[in-house]
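Chemist: Mind having a look at this structure? Questions to follow.
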Amino acid sequence: MNISEIFSDSFKYPVSDIKKFAIFGIVVVLATLNVSIANSSVLQIILNVVSFVAIILILGYGLDVVKYAFKKSDELPDFDFKTGFVNGLKLFVIQFCYFIVPLILVYITAYFSGFLQSLAGIIKSYYETGIYSISNSFLTSMSITVVTAIVLFVIFMLFSSIGMARLSKYDDIFEAVNISKVFKDLKKIGIAKSIGWLILLMIVGFIITLVGAGISVIIPVAGSIIASFIVMSYFYLFYYRCVGLLYSNI
């Protein structure tokens, strides 16, 4: 499938089964309740636990969506919360592995470029005197750090997505984090095609995020729940479908 076909299919997919979409939407809402309504320490702890479980279930269900996609099934998967939770934990570990590396590399870049030291100096000056100045060296080090972060994000987002697809295919964490095999899969799909896919995905994600944020601002509290139930749920299913269809090109 070419990129336009992948996105065209994925746009329609989330609402192809309204009942399953609604169930998934409820899980997504549960994942965000700790942000929306928590107002006490005890309630916060309870909702944090509920949120974590819901996030793991989202990841597990997303893995099933990816599997259905590269197998060219147009159906939304049935819900199996026990299996979904186990698979979600596996995917959580894999995504942590993929994104801890760029975070460490960005930190190293920020340190050796002088960005962290310059930022600390600015903050110290502001708190001590109420005055701060931004030097050219700070702007240069910040630019280096930001560019490095963007490049690493693009690279590891691609690797993470293919790693997720490999997990759904092989049900093996080591297959998912095998960088050489993931890179071979990316080459089979096409590096340029994969980067184009990711850029378009980020654009769509940005637009959908703006819609969700707009709903949350216009309708306080309830808007956040509505945005989670409809907008975030839609994007998650859209994203997982996109990953599976991209991987189906292998």
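Just so you know, glycine gets a Cβ as well, placed from its N, Cα and C.
Taken from TrEMBL, the feature transmembrane segment applies to 21-39, 45-70, 91-114, 134-159, 195-219, 225-247.
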Chemist: State the non-local partners of the transmembrane segment (45-70) in its own chain: residues 6+ outside its ends, Cβ under 8 Å from one of its Cβ atoms.
Modeler: 24, 27-28, 30-34, 37-38, 76-77, 79, 81, 83-92, 95, 164-165, 167-169, 236-237, 239-245, 247-248
Chemist: Select the range from 91-114, 195-219, 225-247 that forms the most Cβ-Cβ pairs under 8 Å with the transmembrane segment (134-159).
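Modeler: The stretch with the most contacts is 91-114.
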Chemist: List, by number or range, the same-chain residues at least 6 past the transmembrane segment (91-114) whose CB is under 8 A from its CB atoms?
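Modeler: Long-range Cβ neighbours of the transmembrane segment (91-114): 55-56, 59-60, 62-63, 137-138, 140-141, 144-145, 148-149, 152-153, 155-156, 159-160, 163-164, 167, 173, 176-177.
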Chemist: Restricting to the same chain and to residues at least six past its boundaries, which positions have a Cβ under 8 Å from a Cβ of the transmembrane segment (195-219)?
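Modeler: Result: 3, 6-7, 154, 157-158, 161, 226-228, 231-232, 234-235, 238-239, 242, 246.
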